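Asks: Annotations per TrEMBL:
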type	residues	note
BINDING	Gly10, Phe11, Gly12, Arg13, Val14, Gly15	NADP(+) binding site
DOMAIN	10-136	domain 'Aspartate/homoserine dehydrogenase NAD-binding'
BINDING	Lys116	NADPH binding site
DOMAIN	148-325	domain 'Homoserine dehydrogenase catalytic'
BINDING	Glu201	L-homoserine binding site
ACT_SITE	Lys216	active site, proton donor
Amino acid sequence: MRRWNVAITGFGRVGKAVAALLLSRRARYQALYEADVRLTAICGSRAGSINDDGLGEGRLAENELTPGLSGITVLASAPVDVLIEAGPTDFRTGGPGYGYIKAALAAGRHAIAISKGALVFDGRGLRALAERNEVSLKISGATAAALPTIDLLEYNLAGCEVLRVEGILNATSNHLLTAMAEQGLDFAEALRRAQRAGIAEADPSFDTGGWDTACKLLILANFGLGADLALDDLSVGGIQNVTRAQMEEWRAAGLVPKLVGHLARSGDGLHAGVELRTYPASDAFALVQGKNKAIRVTTDAMGEILAVGCGPEPMATAAAALKDLEHILMRRR
Ligand SMILES: NC(=O)c1ccc[n+]([C@@H]2O[C@H](COP(=O)([O-])OP(=O)(O)OC[C@H]3O[C@@H](n4cnc5c(N)ncnc54)[C@H](OP(=O)(O)O)[C@@H]3O)[C@@H](O)[C@H]2O)c1
C-alpha cells in the first residue's frame, strides 16, 4: 500500500469540504488504488495544522488550528505528495495560490488547483514546471468544477479537432438571468435577492461582469486546446446592464438570454470572448436554468457534445478536485 500525503491550502468553504470528503473516502482509495491517503497539512491565511501521520476530523475545527501556521513553510514542514489549492482567486497577481502551486510543483509534488488566479496569471509557466518535474497539474475545480469541461476536452474528445466551444460557466449570472426572466425582476432586485440567499457575493462584479467566465474559458483554451491566450485577448461583457425592457423584448421574440463564454477556431488561431447571447426556446442552452452550467463543444469528427449540470456547493467543487486526485492515484498506481 503506497502512502499519499495531501495538503490543502485555503481552508474556507471549499477547502473544508475537500477535507471532509477526502477523509470519508479513505477506505475507497485503499480498496481501489492501494493508496493510503492521509491529510497531513491544512492552512488558511492566519492559521493551520500539520500532522505527519494524518489529521483526523477532530483537528479540522477552526479552534484546533495553530495560529501563525500559514504560507509556503507549511508545505515545506509537512510530508506532501499532492497539494490541493483552495485559496482566493486573484487573476491579476496569481494570488497566494500561485506561490503554493509553484512551490509544490518545483518540489516534485502534484498539484490540484481549485482557485483560478494562478492558472490565469501563469498557466503556461506552471504547466512547463509540472512537465519538467514529471508531476501532474490538475484543474477540474477551476474550470466549472462538477461540470465536465477540461476532462471532456482532454480525454473524451481526444483525437478530435475542437472547432467551437460555448459555455454557460457562471452559476451566479445564470441564476440572475433566470430570476429576471421568470419573475420579471430588474437586475438590481434580482441581485439583492440572490445576495440575501447567499448565491451572489457582496461584490458580484467578478461574476456578473463576465470575468469568472473569462477566466474559466481562458484556462480551458490554454490547458485543453493548446492555446496561449491572455485575458487581454478576450473581449469580456457581462449582464449588469441588462434591463427589464430588454428581457421583455426577448421574451416576446421567444428568445432566452445567457451569459456565454465562446471560442472558435479560425484561420489565424483561436478567438475567445464572453458576451450575452440569446437562444430560441428550443435550443438546449435556453433550458439551462438557475444555477446550472453547461458546455457545448463542436468537433470535426464527433459532432456536437453537450454537458449540463449543477451539484450542491461546496461539495460539488470538492468532489471535482477529488476526481482529479483519483486520476492521479489511478495513473500512479
Ligand atoms: N465556492 C464555490 O462553490 C467554488 C467553486 C469553484 C471554485 N471556487 C474557488 O475556490 C476557492 C475557494 O473558494 P471558497 O468559497 O472556499 O472561498 P472562502 O470561503 O473565502 O475561502 C478562502 C480561503 O482561503 C484562505 N486564504 C486567504 N489567503 C490565504 C493565504 N495567503 N494562504 C492560505 N490560505 C489563504 C482564507 O483564509 P482565512 O479564512 O484565514 O481568510 C480562506 O480559508 C476560490 O478561489 C474560488 O474561486 C469556489
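The backbone N, Cα and C atoms fix where each Cβ goes, glycine too.
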Asks: Using the Cβ center of Gly10, Phe11, Gly12, Arg13, Val14, Gly15 as the NADP(+) site position, which other residues in that chain lie within 8 Å, going by their Cβ?
Replies: Ile8, Lys16, Ala17, Val18, Gly44, Ala86, Gly87, Pro314
Asks: Report, in whole Å, the straight Cα-to-Cα distance of Arg13 (NADP(+) binding site) from the residue listed as 'L-homoserine binding site'.
Replies: 14
Asks: Ligand 1: which of the recorded positions Gly12, Arg13, Lys216 have a Cβ closer than 6 angstroms to it?
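Replies: Cβ under 6 Å from ligand 1: Gly12, Arg13.
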Asks: Would you please pick out, from the recorded positions Arg13, Lys116, Lys216, the one with the fewest other Cβ atoms within 10 Å of its Cβ?
Replies: Arg13
Asks: What is the interatomic distance between the Cα atoms of Gly10 (NADP(+) binding site) and Lys116 (NADPH binding site), given in whole Å?
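Replies: On Cα coordinates alone, these residues lie 13 Å apart.
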Asks: For Gly12 (NADP(+) binding site), which residues in the same chain are close in space, meaning a Cβ under 8 Å from its Cβ, but six or more apart along the sequence?
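Replies: Within the chain, Gly12 (NADP(+) binding site) has Cβ neighbours under 8 Å at Gly44, Ala86, Gly87.
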Asks: Between the binding-site residues Gly10, Phe11, Val14, Gly15, Glu201, where is the Cβ count within 10 Å the lowest?
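Replies: Fewest other Cβ atoms within 10 Å, among the binding-site residues Gly10, Phe11, Val14, Gly15, Glu201, is found for Glu201.
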Asks: With DSSP, how much of the domain 'Aspartate/homoserine dehydrogenase NAD-binding' (10-136) is helix, how much strand and how much coil, in residues?
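Replies: Going by DSSP assignments, the domain 'Aspartate/homoserine dehydrogenase NAD-binding' (10-136) contains 61 helix, 23 strand, 43 coil.
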Asks: How many Å separate the Cα atoms of Gly15 (NADP(+) binding site) and Lys116 (NADPH binding site)?
Replies: 14
Asks: C-alpha of Phe11 (NADP(+) binding site) to C-alpha of Lys116 (NADPH binding site): distance in Å?
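Replies: Computed Cα spacing between Phe11 (NADP(+) binding site) and Lys116 (NADPH binding site) is 16 Å.
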Asks: Please report how many Å separate the Cα atom of Lys116 (NADPH binding site) from that of Val14 (NADP(+) binding site), as a whole number.
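Replies: That comes out at 13 Å between the alpha carbons.
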